[in-house]
Amino acid sequence: MASRLLRGAGALAAQALRARGPNGAAAVRSMASGGGVPSDDDQATGLEREIMLAARKGLDPYNILPPKGASGTKEDPNLVPSVTNKRIVGCICEEDNSTVIWFWLHKGEAQRCPSCGAYYKLVPHQLAH
């Protein structure tokens, strides 16, 4: 246990020595010298940055946002994106109901929920990458 503490303290000391400038003075970093606190746009990388850029364009490449509600009729069914030709769907038929009705949705015509009769239609979805 003591050796781990000493190793940790040694690593911190080495890091502090590396932070010193060429003349031996400690390099001072402050938020005021760099223009303030960086924004999320400045710090985001990878998938987070990709999602932020897509959100600015009004896109949802990874289906993170909740689906837009439709009336659920045969003429205006709820659209369910899928990368395959079938997908399992859960329908909460009544607003205060705690039971989920699960059923398979297949590509083609709109299908009804077996319990409440709301219509769902499978639409093709391409992955973002």
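From the backbone N, Cα and C atoms, a Cβ is placed for every residue, glycine too.
The Zn(2+) binding site annotation in TrEMBL covers CYS91, CYS93, CYS113, CYS116. Around CYS91 (Zn(2+) binding site), the same-chain residues at least 6 positions away in sequence with a Cβ under 8 Å from its Cβ are VAL100, ILE101, TRP102, PHE103, CYS113, SER115, CYS116, ALA118, TYR120.
Cβ contacts within 10 Å of LYS68 (N6-acetyllysine), excluding its own Cβ and spanning all protein chains shown: 8. Positions annotated as N6-acetyllysine by TrEMBL: LYS68 (among others).
Under the heading N6-acetyllysine, TrEMBL lists LYS86 (among others). Close to LYS86 (N6-acetyllysine) in the fold, though at least 6 residues off in sequence, lie TRP104, LEU105, HIS106, LYS107, LEU122, each with a CB less than 8 Å from its CB.
Note: LYS121 (N6-acetyllysine) has non-local neighbours PRO77, ASN78, LEU79, VAL80, LEU105, GLU109, ALA110, GLN111, i.e. same-chain residues 6+ apart with C-beta under 8 A of its own C-beta. The N6-acetyllysine annotation in TrEMBL covers LYS121 (among others).
Burial estimate for the binding-site residues (CYS93, CYS113, CYS116): highest at CYS113, by number of other CB atoms within 10 Å.
Here the Cα atom of CYS93 (Zn(2+) binding site) is found 17 Å from that of LYS68 (N6-acetyllysine). Those same-chain residues not listed among CYS91, CYS93, CYS113, CYS116 yet with C-beta within 8 angstroms of the centroid of the Zn(2+) site C-beta atoms are ILE92, ILE101, PRO114, SER115, GLY117, ALA118.
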